[in-house]
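**Q** The following block contains the structure, expressed as structure tokens.
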Amino acid sequence: MNFEIKDTNIRKIFDSRGNFSAEVTVILENASGTASAPAGASTGKTEVIAYPDNNIDNGIDFFYRHVKKALKGFNSINQEGLDRMLHEIDGTDNFSNLGGNIATAISIANAKAVSNALGIPMYRYVGGINYSMPRPIGNVIGGGKHSKNGTTIQEFLVSAQGKTVLDSIYYNILIHRRIGEILSGMFKNQSIGLGDEKAWTCDISDEDAIEIIKNASKDISSEYKIKVLNGVDFAADSFYDGNYYIYKNRKLTRDQQIDYAISISRDHGFYYIEDPLNDQDFDGFSEITSKVGDKSLIVGDDLYTTNPERIKKGIEKRSTNGVLIKVNQIGTLSDTARSVRIATEHGLKTVVSHRSGETTDDFIAHLAVAFGSPLIKTGTIGGERLAKLNELIRIEEELI
């Protein structure tokens, strides 16, 4: 079987916010693969550069001048070699010439092309025999950089633990609906809206949101006799001014923010706590994990940015017991797989995640299964979110 790359095409498409995204098609002799990259609103300082000078056209121009010809004839089954070549052609340590989003689209499209050529699903090609089904965790109340006039905390999340992925998705949707009913009752003469990730957003406090999500989860849990895990993504770096954590109605010192994050676990029983501190405070994360890591999953996103070296630092300091995984934070499938391998070898749980500006590409569903991640973070409703969730349903059907 011939795995040489015959051609590679790139085009501009639109993401869920109406912004441009890069989509790439890798063409082999008897198969092809197409992938597109999402975009984040709350981005970590150590992520690779999405597009050079924040301009997708500059990245596309670099692709045509330097990458397209180099890919032709390359053995596509050598994923690590292809990803290494992308780094070499770019010539920087953060993809500032090609753009990490374009590198991501090329890397994933290549893996899809090989999977299609072999006649196997992508999760099996990437994960081999080591795969398992994750449970979805989705945003139901949103704030921060995902909405205007919402909560300071960026995401309030639920993960219903149904017998199947289908059940879990359905129960998450029911909780989302229940929260909409609660908010409609609270704001009878005001409209409520949906944020970037289709979570409810309105002018409420973080404390109100905590109580609403607890009540909605309890309602669905009691009615359907299921367990529901609640969570938050603080995205704390986005409201940290260098000295204080600035909420709508107060500002907290570092120690007060640590205590608040701990109370989310101890006092409210939340299982999932992401980015409770700024993205340089490895020691502060360690303090939170040492106090409540036995009952809650403390997850680093901006702290790690899917970067193997930062994950190693977190392991050394025992900063978290969970790592968020986003391919376009690091730029290639091989780099992502390395980060996952380092994390899992040291007992950290991985959570494969979408971005707020998503496309309908479903590749993260396959990666979550391939990496054996216990959770996949990809919303509850919205076409670009359900594209991933529906693909999980199809994958589970294959595996049952």
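In case you wondered, yes, glycine gets a Cβ from its N, Cα and C as well.
Sharing the record's features from Swiss-Prot:
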- Glu197: active site, proton donor (ACT_SITE)
- Lys326: active site, proton acceptor (ACT_SITE)
- Gln154, Lys326, Arg355, Ser356, Lys377: (2R)-2-phosphoglycerate binding site (BINDING)
- Asp233, Glu274, Asp301: Mg(2+) binding site (BINDING)
**Q** Determine which residues of this chain, when Asp233, Glu274, Asp301 are set aside, have a Cβ within 8 Å of the centroid of the Mg(2+) site's Cβ atoms, and list them as they appear in the sequence.
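**A** Neighbours found: Gln154, Glu155, Phe234, Ala235, Asp275, Val299, Gly300, Asp302, Leu324.
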**Q** Measuring Cα to Cα across Gln154, Lys326, Arg355, Ser356, Lys377, which the record gives as the (2R)-2-phosphoglycerate binders, how far apart are the two most distant ones in Å?
**A** 17
**Q** For the binding-site residues listed here, Gln154, Ser356, which shows the highest count of neighbouring CB atoms within 10 A?
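**A** Counting every other Cβ within 10 Å of each candidate, the maximum falls on Gln154.
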**Q** Give the distance between the Cα atoms of Asp301 (Mg(2+) binding site) and Gln154 ((2R)-2-phosphoglycerate binding site), rounded to the nearest whole Å.
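**A** Here the two Cα atoms lie 13 Å apart.
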**Q** Roughly how many Å separate the Cα of the residue listed as 'active site, proton acceptor' from that of Arg355 ((2R)-2-phosphoglycerate binding site), to the nearest whole number?
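**A** With distance taken Cα to Cα, Arg355 ((2R)-2-phosphoglycerate binding site) is 8 Å from the residue listed as 'active site, proton acceptor'.
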**Q** Looking only at DSSP and grouping its letters into three states, which state does Asp301 (Mg(2+) binding site) belong to?
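**A** DSSP assigns Asp301 (Mg(2+) binding site) to coil.
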**Q** Return the count of C-beta atoms lying within 10 angstroms of the C-beta of Asp233 (Mg(2+) binding site), excluding that atom itself.
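**A** I count 28 other Cβ atoms within 10 Å of it.
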**Q** Near Lys377 ((2R)-2-phosphoglycerate binding site), which residues of its chain come within a Cβ-Cβ distance under 8 Å, counting only those 6 or more away in sequence?
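**A** Sequence-distant Cβ neighbours: Pro136, Ile137, Gly138, Asn139, Leu157, Leu324, Val351, Val352, Ser353, His354.
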**Q** Whole-number Å only: compute the distance from the Cα of Ser356 ((2R)-2-phosphoglycerate binding site) to the Cα of Glu274 (Mg(2+) binding site).
**A** 15
**Q** Could you state the whole-number distance in Å separating the C-alpha atoms of Gln154 ((2R)-2-phosphoglycerate binding site) and Glu197 (active site, proton donor)?
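**A** Pair distance, Cα basis, whole Å: 11 Å.
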**Q** Need this for a regression test: recorded positions Glu197, Asp233, Glu274, filtered to those with Cα within 10 Å of Arg355 ((2R)-2-phosphoglycerate binding site). What's left?
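**A** Taking Glu197, Asp233, Glu274 one by one, the ones whose Cα falls within 10 Å of Arg355 ((2R)-2-phosphoglycerate binding site) are Glu197.
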